[in-house]
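The active site, proton acceptor annotation in TrEMBL covers Lys37, Tyr248. The feature substrate binding site is assigned by TrEMBL to Arg130, Met296. According to TrEMBL, the domain 'Alanine racemase C-terminal' annotation covers 227-350. According to TrEMBL, the feature N6-(pyridoxal phosphate)lysine maps to Lys37.
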Amino acid sequence: MSASSTARLNVDLAALSQNYASLKRAAGAAEVAPVVKADAYGLGMAGVAAHLARQGAKTFFVARLAEGLALRTLVGNDPVIYVLDGLTDPSAFAAQRLRPVINTPDQYQLWLQGPSEVVAALHIDTGMNRLGVRPDQIADLPAARHHGLALVMSHLACGDEPGHPMNYQQLMAFRAATDHFPGVARSLSNSSGLYLGPDYGFDLVRPGICLYGGGPFGTAHADIQPVAHLSARILQIRELKVGESVGYGASFVADRDMTLATIGLGYADGLMRSLAPLGFVTVQGERRPLTGRVSMDVFTVDVTGLHVSDRTWVEILGSSQNLDAVATAAGTIGYEVLTRLGTRVPRHYT
Ligand SMILES: *Cc1c(COP(=O)(O)O)cnc(C)c1O
């Protein structure tokens, strides 16, 4: 690894392909449409979306219009791109052939008044109460005569809890609501939803986190490979005497003589401060606990007994410790761990 960098994020494109293939198997006949919002969950939309397009992905989802515009230049004219935020400026969607996901009756009207080449999806809220039209608003929507409605979709609130009764309630509500749109393709499931069973697949599924090595149910699935490998270099090694303290707040006090490594990654890079009490890194194949607090640019690890130098790299996230394990140790979810990875960490695609 380059001597000039102190941290790097390796994005394993082969693992990404495997996860995409594994999701396609799990999805059965449904199309798998990758969700690449938030810079492909922090892994870099340019590297990730272009790779998935080469693997055959034909439809993508982003959250923001700006993400859709950026994605269009990355993947060219052919792929379908849906923008989850809703419809703002119909001419902007028309210019780049982006498809709005319409969330309100007003947006629906705006769509019908705008250029007829704008093809759209309609988001129906089946119980999450976040985005989408309510089922009781559907009857009042005028027919989309000259405008193409390509997809009706909804989103599961509790898909990551397979036993939650709300999954079935939303499934039933979705079926009833989509009866109003015969012949229009349907989509209900994100990553976890597509593992709830064939009933949840419909025509298209929208996985994000499982493509990137997380979940589906808050723990790693046997078929899902780690994609993000986050490592950082030791900047300095010091001998610590019993009774000496480490870092801000002197929160860690050595209970014996020990060897300490200071590593070049901190909360400004997205390493959460909350990881410190329970977090581990892997140094030369061994798990070692974090000592003291995570600082802005560095954190410290007990490396007593290991033959390390200031050229040794340690792994924070990857094969040795997967995304869900890191998230659990930090008291959060894999989505937050990935999307917080800072731009200061260079991404490499292998
Ligand atoms: C983010 C998002 C997804 C992807 O969810 P994952 O849990 O990452 O698979 C799918 N659909 C919608 C509407 C989303 O906002």
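Residue positions begin at 1 at the first shown residue.
Just so you know, glycine gets a Cβ as well, placed from its N, Cα and C.
Shown on the structure are the features that TrEMBL records.
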residue	record	DSSP class
Lys37	active site, proton acceptor	helix
Arg130	substrate binding site	coil
Tyr248	active site, proton acceptor	helix
Met296	substrate binding site	coil
Q: For Lys37 (active site, proton acceptor), identify the closest of the recorded positions Arg130, Tyr248, Met296, judging by Cα separation.
A: Arg130
Q | Euclidean distance between Cα atoms of Met296 (substrate binding site) and Tyr248 (active site, proton acceptor), Å | A | 11
Q: Among all chains shown, work out which of the recorded positions Lys37, Arg130 has the most CB atoms within 10 A of its CB.
A: Lys37
Q: Please list residues from the chain of Met296 (substrate binding site) whose Cβ is under 8 angstroms from its Cβ, counting only those at least six apart in sequence.
A: Gly266, Tyr267, Ala268
(Q) Among all protein chains shown, how many Cβ atoms are found within 10 Å of the Cβ of Tyr248 (active site, proton acceptor), not counting that one? (A) 12
Q) Counting each residue once, how many in the domain 'Alanine racemase C-terminal' (227-350) are helix, strand and coil under DSSP? A) 23 helix, 45 strand, 56 coil
